[in-house]
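Among the features that TrEMBL reports, transmembrane segment is placed at 61-84, 96-120, 141-161, 173-192, 213-231, 237-258.
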Amino acid sequence: MQFILGGAGFGAFICMYLFFSETSHPGVRGVDKLKIEEHSTAPFVWVNPLRSLALLRSPNLVAVTIAGLTVLTTEYVLLTALPYTIGARYNITNEAYLGLCFIPIGLGNFIGAPAAGRFSDYLVKRYRQRRGGEWYPEDRLRGTLIGAAFFVPLSVLGSGLLTEYVPGKVGLIGNFVCLFLNGFGVDLVLSPSSAYGVDIMHSRSAESMAANNALRSFFMSILIAGILPMVNTVGVAATDAAAAVFAWVGFLILWLTIQYGDRMRHWVDVEYSTEQDN
């Protein structure tokens, strides 16, 4: 498997090198020409990798990060324990077949990402027209509500109940549907949330993404460790129900951010974008 992944990565590199030559034009950038003309080399620059974490002073950025964490947790609850929940319940012991069980959630992610982008863009334009052209960045988050309120929590809750109480092919097919809906719903939340971070932090968009991912990954690494022990202790239905409640907390956070985002941005100034530079 590792050789296959390595080969796939190398193949992608070859394709980029051969067919996307526009991504590699050494010496044509302005800074490259300046170096040649002045016969200078790039100066040594100190980079503080923790600088982006200062953006977490922003309540808006922290809010969407925590909301994304609650939603993404449901996906990890489903996938991390899958061999011990769906696999054990429906007697799927073959590793290849277990791997195929991951396809529905990946397919949901695949479809959900572009759908989320188009839906959030539509809502931003629609609400901006309603306000007579006034820009309100939290409109971007309105597209997350349907995923955070329905697709994500109901899919993980449904999977838990199906695994616990519905045997045979009906239960397995139902789980596949829930996995697909969860993958779709997670992207309905995460994609607009990431775009929102860029909207409010144009000048430091990369740093806002880094801070978002750092905080979310830190807490996710802790939460993942408790998934299997919780399944073994209280069962799959109760574990998935807890994940659903956690996702609904994320929905509440997103709703509050949409309602009071403008006030929240005035609490701490982290060089937010304005209507003029958007």
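All positions are counted from 1 along the displayed chain.
Backbone N, Cα and C define each Cβ position, glycine as well.
For the transmembrane segment (213-231), the partner stretch with the most Cβ pairs below 8 Å, chosen from 61-84, 96-120, 141-161, 173-192, 237-258, is 61-84. Sequence-distant neighbours of the transmembrane segment (173-192) (same chain, 6+ residues past either end, Cβ-Cβ under 8 Å): 67-68, 71-72, 74-75, 78, 86, 101-102, 104-113, 115-117, 119-120, 140-141, 143-144, 146-148, 150-152, 154-156, 158-159, 162-163, 166, 250, 254. When Cβ-Cβ distances below 8 Å are used as the criterion, the transmembrane segment (237-258) is approached by residues 60, 63-64, 66-71, 73-74, 77-78, 81, 138-139, 141-142, 144-145, 148-149, 152-154, 156-157, 159-161, 163-165, 189, 193, 227, 230-231, 264 of the same chain, each at least six residues removed from its ends.
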